[in-house]
């Protein structure tokens, strides 16, 4: 698939950009910093993503503010820290009463106001609510095809993950309805046939792009793939072909989907008019061992504030506008809303944003205005505030806590058995020389360097000022759960949850 779209790159580089550009935002799930070939994995089969990296701008220091699904997705779409919106602690469940508050302004709403045709394919995980109140159509998306939460939030022991009949690994969440596939607010299938899901999303994406072109308007597509979240699945062409087992097969299908999306853009003659941005929601779920991803040389993974949890691969691709290369500038998923709004000529919402405009960095006219990053625990509170702060090359951990998602690694600091620990003084790392956070500069047998002492004072001040200014929004998760809010294809059926069963045809 990659050959079809890469052949047009030379032509695309000479094309004038549409004003505003089309935007394709691809968001992977539980993907580690070291999982792509372009980030050094020796055996990953990711030719399309590697081509994006070769033809675009590859970030080495791109972060998410929280290493967990729901809060990370909220940050991406709003440019705001999840604690401001009440999206804590943990993640939203299928029966949660809460969700992304309707007064929050999403990237889709910003771009829709600028005339974009907006759509989301894939994973939502920002709430369902009463009568679907929190679903994408109520947050600025004109079209939605996807699962409203994570595909393991329902029983999966009877589902097929790899054709022709390989069952899904594990049993996932019991006592819940089967996972639903929604088209806008309607149930398409419950459960969907997982091996055919990615192809359906690609077809949906192609239709959205085509319709936008016919309507003479730009498109914004948020392609939120379920890959590579557990339990992994893939279509017919991928099982056993990756060399990395089920995880690699899932990653291989994600890469092929990227190739298919780029082919669709190329077929429409829009490569020079389309900005593509790829990243992921959090680091790998290392507890899954061979069924989880790889954080490379970084410490820990999902659920922690160590680098393996919060540093992500990120690629920006726009032929003729974004010069190929590598940037070591600091950047965050929080920055995408103000950046893409600037490139689209759209007005920013009149609300406190935590993101900054990276368009000068992307277009080669300046550097990143971001110098500081604040990282929250997946289970934050106002007493402790941020767990870690990065400023320039230095990062300080004021609190650390392991996570079940990062169990089974060789490092006990990552494990769920590692309790919440306050560090006084904080752990201090020079990430320019020690990205693996192995050598605490304040734990030296020799005299601590004056530069390190100055750095920790600055980081302590940054944390104190930031915590003092931050106001947590009322917790959406604290609203509790109502089993009747779970999506059901037969709303009045009994007995629940088993009666909510409207499976689609399996080839």
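For all residues, glycine too, the Cβ spot is worked out from N, Cα and C.
These numbers come from a predicted model, not from an experiment.
Among the features that Swiss-Prot reports, Ca(2+) binding site is placed at 29, 30, 69, 281, 282, with the record citing similarity to another entry. When secondary structure is read from DSSP and collapsed to three states, residue 282 (Ca(2+) binding site) falls in the coil class.
Sequence-distant neighbours of residue 69 (Ca(2+) binding site) (same chain, six or more apart, CB under 8 Å from its CB) are 29, 91, 123, 125, 150, 281, 282, listed in sequence order. In the three-state DSSP reading, residue 69 (Ca(2+) binding site) counts as helix. The feature 3-oxoalanine (Cys) is assigned by Swiss-Prot to 69, with similarity to another entry given as support.
Cβ neighbours of residue 302 (substrate binding site) (same chain, under 8 Å, six or more residues apart in sequence): 30, 67, 68, 282, 283, 284, 285, 286, 309, 403, 405, 406. Swiss-Prot lists 123, 150, 229, 302 with the feature substrate binding site, giving similarity to another entry as the kind of evidence.
The active site annotation in Swiss-Prot covers 125 and is backed by similarity to another entry.
Sequence annotations record features per position, and here Swiss-Prot assigns disulfide bond to 156-172 (among others) based on similarity to another entry. In sequence order, 152, 153, 154, 155, 156, 157, 231 constitute the residues six or more apart from residue 172 (disulfide bond) in its chain with CB-CB distances below 8 Å. The DSSP secondary structure for residue 172 (disulfide bond) is strand.
Among the features that Swiss-Prot reports, disulfide bond is placed at 161-168 (among others). DSSP assigns residue 161 (disulfide bond) to a strand in the three-state reduction. Sequence-distant neighbours of residue 161 (disulfide bond): residues of the same chain at least 6 apart with a C-beta under 8 Å from its C-beta are 167, 168, 169, 194, 195, 231, 232, 233, 234, 246.
Annotation source Swiss-Prot lists disulfide bond at 300-414 (among others). Following the DSSP three-state reduction, the secondary structure of residue 300 (disulfide bond) is coil.
Annotated disulfide bond per Swiss-Prot: 488-500 (among others), in sequence order, evidence recorded as similarity to another entry. In three-state terms derived from DSSP, residue 488 (disulfide bond) belongs to neither a helical nor a strand segment and is classed as coil. The C-beta environment of residue 488 (disulfide bond), restricted to residues of the same chain at least 6 apart in sequence and closer than 8 Å, consists of 177, 180, 187, 190, 496, 497, 499, 500.
Marked as disulfide bond by Swiss-Prot on the basis of similarity to another entry: 489-502 (among others). Residue 502 (disulfide bond) counts 18 other C-beta atoms within 10 Å of its own C-beta, drawing on all protein chains shown.
Close to residue 493 (disulfide bond) in the fold, though at least 6 residues off in sequence, lie 499, 500, each with a CB less than 8 Å from its CB. In this structure, residue 493 (disulfide bond) belongs to neither helix nor strand by DSSP; it is coil. Annotated disulfide bond per Swiss-Prot: 493-499 (among others), in sequence order, evidence recorded as similarity to another entry.
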Subject >> Those residues of the chain, 6+ apart, with a Cβ under 8 Å from that of residue 414 (disulfide bond) >> reply: 286, 299, 300, 301, 304, 306, 308, 402, 403, 406, 407
Original post:
Around the substrate site recorded as 123, 150, 229, 302, what other same-chain residues have a C-beta within 8 angstroms of the site's C-beta center?
Top reply: 29, 30, 69, 125, 151, 152, 226, 230, 281
**OP:** Kindly assign residue 414 (disulfide bond) to one of the three DSSP-derived states: helix, strand or coil.
**Re:** helix
Original post:
Does DSSP give residue 502 (disulfide bond) helix, strand or coil?
Top reply: strand
Subject >> Candidate with the highest Cβ count within 10 Å, taken from the disulfide-bonded residues 156, 168, 300, 489, 499 >> reply: 300
